[in-house]
Amino acid sequence: MKGKFISFEGIDGCGKTTQIKFLEEYLLKQGYNILVLREPGGTKVGEKVRDILLDKNNFISPVTEMLLYASSRAQLVEEKILPAIEEGKIVLLDRFVDSSYVYQGYARGLGIEKVKVVNEIATMGILPDVTIYIDITPEEAMKRRGKREADRLERESWDFHKKVREGYIKLVKEFPKRFVFIDGMQELMKVHKDIIDVVKKYL
């Protein structure tokens, strides 16, 4: 039996990583075989790319940024995601191609189509069975981050993060069969329950 592929999206600080951890614990208790991955990263090569992308001292042009994300993604798909799905595992991925659509395509202004062409090569055309979008405001994201040191993307302007959120909401509306909108402003365990209710439908 083939596995499942579930991705999580949202602006920085929306709680993806926490909710993935909660979901992993829940699914392991149900007896499922789980692989948790993150983007950029998840492989030896990808983690090196991640260091470049998130280093606050680096100036990276929008096109370079798009290509670096795509290179990390290509390695992840071939080395980890496809083999895990073939082995019947449930892959929980913290960000995938939709992040590039909104961050580089929409917020950076490169255009969705340009990003799509590059990423169809990088992903070999695979898409998640379901994408869980956790929605919070940029104001809430900043509050949650608190005094933790921000990485290169987190240090972007207020307007940039507003555009990222707008981009996600457009994607949710454009691809309603794949995306599920989760209100991330709710209490932590209510968000977790909503996510479990969604995931159960795909298992």
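Glycine is treated like the rest: Cβ placed from N, Cα and C.
Values in this document were obtained by computation on a predicted structure and should not be read as measured data.
What Swiss-Prot annotates here:
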type    : residues                                               : note
BINDING : Gly10, Ile11, Asp12, Gly13, Cys14, Gly15, Lys16, Thr17 : ATP binding site
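On the structure: features taken from Swiss-Prot.
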residue : record           : contacts (Cβ under 8 Å, 6+ apart)
Gly10   : ATP binding site : Lys16, Tyr133, Ile134, Asp135, Ile136, Tyr168, Gly184
Ile11   : ATP binding site : Ile136, Pro138, Ala141, His161, Val164, Arg165, Tyr168
Cys14   : ATP binding site : Ile134, Asp135, Ile136, Ala141, Gly184
Gly15   : ATP binding site : Ile134, Ile136, Arg144, Gly184, Leu188, Val191
Thr17   : ATP binding site : Arg38, Asp94
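Close to the recorded ATP site, the chain also has Ile134, Ile136, Ala141, Gly184: residues not among Gly10, Ile11, Asp12, Gly13, Cys14, Gly15, Lys16, Thr17 whose Cβ is within 8 Å of the site's Cβ mean position.
In the shown protein chains, 22 other C-beta atoms lie within 10 A of the C-beta of Gly13 (ATP binding site). Annotation note: Ile11 (ATP binding site) sits in a coil segment as assigned by DSSP. Within 10 Å of the C-beta of Lys16 (ATP binding site) we count 23 further C-beta atoms, all protein chains included.
Of all Cβ atoms in the shown protein chains, 20 besides its own fall within 10 Å of the Cβ of Asp12 (ATP binding site).
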